Each structure stands twice: as structure tokens, then as C-alpha cells.
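Over in TrEMBL, the protein carries these features:
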{"type": "TRANSMEM", "residues": "43-63", "note": "transmembrane segment"}
{"type": "ACT_SITE", "residues": "GLU207", "note": "active site, proton donor"}
{"type": "ACT_SITE", "residues": "ASP359", "note": "active site"}
{"type": "DISULFID", "residues": "CYS432-CYS475", "note": "disulfide bond"}
{"type": "ACT_SITE", "residues": "GLU489", "note": "active site, proton donor"}
{"type": "ACT_SITE", "residues": "GLU529", "note": "active site"}
{"type": "BINDING", "residues": "THR616", "note": "Ca(2+) binding site"}
{"type": "REGION", "residues": "642-676", "note": "region 'Disordered'"}
{"type": "COMPBIAS", "residues": "652-663", "note": "compositional bias 'Basic residues'"}
Amino acid sequence: MAPVLPYSNKDTKYDNAKFRRRTRLRRFVQAIRNSNVKKQCGSCGIGQLLLLLLITGLMYLAVTHSKHSAASHGKKVGKRFEGTETLSQLWNRKGAPKVSSPGKVAHGGGISTTEDTALWKQRQAEVAGAFVHAWKGYTSYAQGYDELQPVRKAGVDDLGGLGVTVIDALDTAMIMGLKDVVRDAGSWIQKELMGRIAARGQVNLFETTIRVLGGLLSAYHLRGGGASKGWGAAGKAHIVGPDPEVYLDCAKDLGDRLMSAFTNSKSAVPYSDVFLKERTARRAGDFSGAASTAEATSVQLEFSYLSHVTGDSKYEKAAMAVYEHINRLPKTEGLVPIFISPDTGNFEGHNIRLGSRGDSYYEYLLKVWIQHGGAAHNESSVAYLREMYEEAMGGVRHKLVAKSEPNGLVFVGELPNGAGSALHPKMDHLVCFLAGNLALGATRGRTLKDAMSEGVLSESDLADLKLAEELGKTCYEMYNVTATGLAPEIAYFNIYGENHEVEGGRDDSFYKHDIRIKRADRHNLLRPETVESLFLLYRITENPMYREWGWKIFQAFEAHTKVSSGGYSSLDDVTSVPAPKRDKMETFFVGETLKYLYLLFGDSNVLPLTEFVFNTEAHPLPIRSKKAAMIESVAKSVGDVSTDQQADVSTHKHGGKKRHSKKKAAEEEADGATIRDILMK
């Protein structure tokens, strides 16, 4: 079973020098044990033994005096400790993480040997090769369509006809340094996308925001837009493809049309269906017009960044108003139903789950808080989001977490009939995002090592880390239990204390009695949630086990989903070999799954978690700096720039760039304030 973070000190009886400091006395004694003194003890004279005892006594006095001095200077602040208290003392009190020995894969602080670095670079190159193969299939048979059907060698428009695969794949190609792909995708966007946005009909607000708007904004940033520090294969802004303003112009036009979902609604909750050409919106055509809670609350990262780069606050105001409204609604320990009415603004139904229609509500509570500077500089305006997130995670631990029988896999179930109903032991693959999200929330994007040394982990953070690693293990076993090594869309867990007939698992699998896979749920859509969590868990814990798990999953994708003529296909049944193909390459395979695998196998300095936050479609967006927050604060005091003014003086058209005078004044004032702050220190 994978090592997990313990709840109490009783689970910390180990001695791993990488994570736990030893006292000087312990190091001295260990040195003696490892030296030749012990072996030659029989030939030692009396004088040598007395000298050894004298040295030992002096060392003991020095250590005890040092401990006494340190204890007199430390101070306790709330649940966290400051002063000269050692890291090992802090960990012993709160419960140290059990982390398996890195063995041959990595050594000391996650720094790999030369041989291991070469191995992971090779594996990373194989992921890039898989992306190129997927792109080849798309451009050969489905160029301009939303998605590829690789078996039929055709394209299909299931997402509004905006060529979504092109946009979802663009920043992945940028990160991988695939210049030809970046150039081709950028050229298509420059020539085709604006016209399509203006001519297309109905699209879904959520899907279009996370895939298209998010992809355009990420590409804009990575291309060097907004005087940003872009990150690519070499950590620099990309120099190929169209001017970054091309991406921003498309994003702004799309954002303006999507705004009708907010302006047409009777409440702060947006409508689900948007008609791009008409610039109108309406309630969803099903579920009595209710919106999915996850969809209404998972556009805030994108709309906030759009406001940041355009200087127009309307996008962020509309999106953040949803959170302000939901913050006032009743909840069950932070947990909410999966439907909400845009007419009344109230939740509908009782179904509570972290799978479909519920998942990214909890994800974005944390990530929007991070994006707005909550983790980086304690931005007070979004503190309520962190509070909502922490309350919800407490509710998850209390009401949704259970263990399977007979081998104790930890899973997150559902409450289909509300908080007072029995737990339903069903877990969507979508829920696997939670493992990485919990780890990200616990350390605020720092490595576990750094978070421990800085003393920023509370007891609830440690509980979240423990649950993160347990869920990561469960999600991996959902892959490992099947004949193909790929996870089903949905799994059920045995909680009844008896070994049922094996249903969907391999006969030789250790967890064949814990995990049940029903026939209707055996398909695989090339989903990213598990490898996303493996990426985050590896970045945070630096445990190479997560890389190895990711590699096994990638090999399974290669073995069972690859189509020789180009592209990868979703599967109908992961429990049989050969697995019948479903004939669809979802855009998130190139936008998320391969991106997270590539980053998992690569350098942790690329797109660091303390500087970037990934939207729910894996498009990296920069975390707002303290300076940017000051600029926007000053701009608000000066007065918001109207849309008309933005169109007149801020639009970049293939030449010189004009900047609105008020925005420039705000930047200058913020720069001055920063300089004054430095001089006053």
C-alpha cells in the first residue's frame, strides 16, 4: 500500500534523514556504529576507552545546553510555532509524513541522478511523441472540427464548431516546445477563429470558457502577452506563432459574447446555453432549466484573468458575483447540491457528490483563491473562498469518505438523497481530481519539504495531505485492477464486509474484491484527473512513486488506445483485451492528459505551482502578483474603463500598442507605491 501521511505521532516511528533531522548526539553515535571503532573494540586499551567516554560526555553536555537555550527563545502563535524550534520537533508534534525511500529514482530533495534524469527526459520525449501522433491524426482527418474520430478518420463538431482541439492543444505544444505545431495552430486561430465565433450558434458557457477562452488566454500569456514572463520548454516566452494580441482579441470577443449568460440571467447564477452570433443566452434545455453547480462556478479563473489583461473589470465582477451569492446560501458542512437555479439563485435537489456536475465547484474555490493572491500574499478580498473550501473539505472527510472491504481503499462516495441519506459507494473517475487539489490546498503550491520548514501546515492541512495520498492510491488502483491497465468511467466500492463475485477486475488483482465495475461503466474517455493528481502529488511530495504510476498509465494508453493512422481513441470496455474502441479523441486528451504526463516527467521548475494555477482544462494562468493587485486597486479608485473606451484606445491592431492613460497612471502610481514601500523598510 502507498505510504500516506499519518494522523498522529504513533505512525512516525521511522528514521529517514531526508525528512527528519537527527540530533548531534544521535549522529555521533551513528558514526561510531558505522566506523571501525566497533569492529576493533576488542583491541582497544583502557586509555582509548576513557578518551571515548570523555568525548561522549562532552558531546552530551553540548547538546543538552543547546536544547535548553533553544527552548527559552521559542514562542507559540496559535496552532503554529515560531522561533528556534527545529523542524523535526514541529513534525513530531503534528505527525510527520511517511514517505517511502526514493531508492534509485531520486535522491535527496527530489534531485535526480544523471542517469535518472536521462530516463525521465526520454519518457517525457515519448509523451511529446504521443502528442505529435495525436496531432497528426487530427490535422489529417479532422482539421477545423472540434474533435477527431480516429477510427472513421473523420471530424465531428460536438462543442459548438469552434475547432476546439486546436485551441485545447496549443499551450500543450508550447510547453513541449513543438514549434511547428504552435505555428500551425496559431495560424489557424488567426485566420479562422474570429469568424467562427461571430457565426456560430449555441455553445455551453462552461465548456467554451474552460477549453476555448482558457486556452486562448493561456496561449496569450505563454506567448509573452501582457509583458508577462512566459514559460515554455526552456522557460522563456515563445517566439513562434502570431502576435499574442491575436489570441487576446479572440478571447475578448468570445468573452463579450459569453457575458450574455450573466446579463440575461435573473440572478447572479449564469445561464448555461449561449448563442454566440446573437449574443444572447437561455436556461439549460434539460433539468428544468437548472444549471450544474460546477459549471456556474467554474468560469471564474478565466473571466478574472480576462479582466486583468484587458483592464475591463466587467468579466471578473460578473463571475465573482456567483461566489459572493453562493457564500450566502445554506450548505451542509460546506457541501452543496449539484444543481442551482439561475431564476431563483437557489440550489435545487439534494444530490451531493464530487463527480459530474459537482467536481470543479470545490476545485475552483481553492484555485481562484490562489489566483487572486490568497496563498502568495494573503489577499483579504478572497479570504472567504478559502474559508468555503476548508469547510467543504471538512464536510468531505466527515460525510463522504469511506473505506472499501476487505483491503481498505479510501474513496469518496455520494449522497444522492442529501446529507441525511446513506452513503452511496460510487466514485466517478472525475473525483480523482480531488487528490491533487487537496495536496495543492494543504501546501499552497509549495513542496512538502518547504511547507514543513516554513511551519505553514496546520493539523487540517496534514489531514488533507493524508487523504490526498490515500485517494491518489485508490485512483491508481482503479487503473491497476483492470485487464487493460486503464480506469473505468465509474467504480463502485465494496463496503459490506464480504467478498462478492469479481466484477470487472483481473482475477490476479489484489483489489478485485474491493472495486466493482458495472458493465455500463466500463468505458474510458482518455480522462486526465488521475494523472493530474499524480502530477500535483509528485510536485508537492517529491515522491518518485507517482512518476512510476504515471508511466504505467501512459504505457497503457499507448498499448490500448493508439490508432496507427493517427490519434488515440476512447474505449468501450477497459476490462477486456483487445478493448473495443469508442472512436473519439476528446480534446482534453491533448489539452490535459498528455500535458500533465509531460509535466510529471519533467523539471519541476517549469510552470511552478507558486506562480501558475491550472484551470480545470489544464490551461496554466499566472497567479496575480502583489503589484498587479495594487495596480487594479488604484485603477478602481480612478474609475473603471468602459468598454467603448477600451475599444477606442486599448485595441492593438497589427502595429503600435496604445495604452489607456488611466491604466498607465495606475501602473505608475503602483510602481511608486512599491518603491516607497522599499525605501521605508
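Keep in mind that glycine also has a Cβ here, set from the backbone N, Cα and C atoms.
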Key: Rounded inter-Cα distance in Å - GLU529 (active site), the residue listed as 'Ca(2+) binding site'   = 9
Note = Cβ neighbour count within 10 Å, max among the active-site residues GLU207, GLU489, GLU529, goes to GLU529
Ask   = How big is the Cα-to-Cα gap, in Å, between GLU207 (active site, proton donor) and ASP359 (active site)?
value = 14
Key: Close in space, distant in sequence - CYS432 (disulfide bond), Cβ under 8 Å, 6 or more apart   = LEU471, CYS475, MET478, GLU529, THR530, GLU532, SER533
Ask   = Within 10 angstroms of the C-beta of ASP359 (active site), what count of other C-beta atoms is obtained when all protein chains are considered?
value = 25
Ask   = Per 10 Å Cβ neighbour count, which of the recorded positions CYS475, THR616 ranks highest?
value = CYS475
